[in-house]
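Enquirer: From Swiss-Prot, here are the annotated features:
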CARBOHYD  25  N-linked glycosylation site
CARBOHYD  59  N-linked glycosylation site
CARBOHYD  145  N-linked glycosylation site
CARBOHYD  166  N-linked glycosylation site
CARBOHYD  304  N-linked glycosylation site
CARBOHYD  333  N-linked glycosylation site
């Protein structure tokens, strides 16, 4: 980084720091850094950028879409980059969900990390003939479908014993969850269970005791015990007040791997599954996405790379981004500065 002395001078010298000569006055510099200002977010240049999981699903949260809530069914566009836009807590409506008993709030962000996401065309399990049945598939007036009839989530079947003969207590039952996605895709299987007060538990299932549930897939095993009663009536989106609650969870199955669910009464059996593939970079941001940008930065929003480095807030960024540095960098493009009087004396 040696800088030589020139024979001409400048009235406005600049100071650069060098590794071998320390601070040096020079006749000219090129700034290498910029300090961004906060902006809106944008689509990332050269890639598809996804905001909401289902842009055409109006009045739906991303968790609604991930669970297949009626009226929230639609195509999830492919994307190499995804915006994590929802303010916590992430919730879904329809039937009252005990969101904090499981990791279900993480499901939308798990899906965002995939480039391609599709819902299976058929159910992974025949719920009506599953162990412990025969069952009827329950629906709720709190979960209206597209014709405003009673409905439920597309990813789960509410397995209610069909007749009095099997509305009885049962020992734990096990059902295998096959892998039905195609090679190269993962399978994200949603399941859960319903519980209510003692009176409703006896009416629906013939057993008022807490029920046990276990899921196992990809080396991960999770255990739950249902809570009986103690729930205040809760209505979702203008639906009927519900004395019961559902607990919803998900498991990730890798290609060709079978999962298992062990359950008692009140099971919400898996139905449609998500089949995601590829990878999408995820960054926290906000809507709307306006125009295009070289880089998306969690603190500054959309950035266009005018300089190779930037100063200011250091945060996650994706795309063709400048590199963060603590202090401004300059490139000397002139000679070492000497005052005019000293130059004349040396001559």
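Placed from the backbone N, Cα and C atoms, the Cβ positions cover glycine too.
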Enquirer: Calculate the distance in Å between the alpha carbons (Cα) of residue 333 (N-linked glycosylation site) and residue 145 (N-linked glycosylation site), and round it to a whole number.
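Expert: Each residue's Cα considered, residue 333 (N-linked glycosylation site) and residue 145 (N-linked glycosylation site) end up 68 Å apart.
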Enquirer: By CA distance, which of the glycosylation sites (25, 145, 166) lies nearest to residue 59 (N-linked glycosylation site)?
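Expert: Of the glycosylation sites 25, 145, 166, 145 has its Cα closest to that of residue 59 (N-linked glycosylation site).
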Enquirer: For 59, 166, listed as glycosylation sites, tell me which one has the smallest number of other Cβ atoms within 10 Å.
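Expert: Minimum Cβ neighbour count within 10 Å, taken over the glycosylation sites 59, 166, occurs at 59.
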Enquirer: Determine the most Cβ-crowded residue among the glycosylation sites 25, 333, using a 10 Å radius around each Cβ and all protein chains in the structure.
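Expert: Of 25, 333, the one with the most crowded Cβ is 25.
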Enquirer: How big is the Cα-to-Cα gap, in Å, between residue 166 (N-linked glycosylation site) and residue 145 (N-linked glycosylation site)?
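Expert: Residue 166 (N-linked glycosylation site) and residue 145 (N-linked glycosylation site) have their Cα atoms 29 Å apart.
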Enquirer: Can you see whether DSSP assigns residue 59 (N-linked glycosylation site) to helix, strand or coil?
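Expert: It is coil.
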Enquirer: Rounded to the nearest Å, what's the C-alpha distance separating residue 145 (N-linked glycosylation site) and residue 25 (N-linked glycosylation site)? Just drop the number here, would you?
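Expert: Cα-Cα, rounded: 73 Å.
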Enquirer: What number of additional C-beta atoms lies within 10 angstroms of the C-beta atom of residue 145 (N-linked glycosylation site)?
Expert: 15
Enquirer: Any idea what the Cα distance is from residue 304 (N-linked glycosylation site) over to residue 25 (N-linked glycosylation site), rounded to a whole Å?
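Expert: Rounded to the nearest whole number, the Cα-Cα distance is 31 Å.
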Enquirer: What is the number of other Cβ atoms found within 10 Å of the Cβ of residue 304 (N-linked glycosylation site)?
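Expert: Residue 304 (N-linked glycosylation site) is surrounded by 16 other Cβ atoms within 10 Å.
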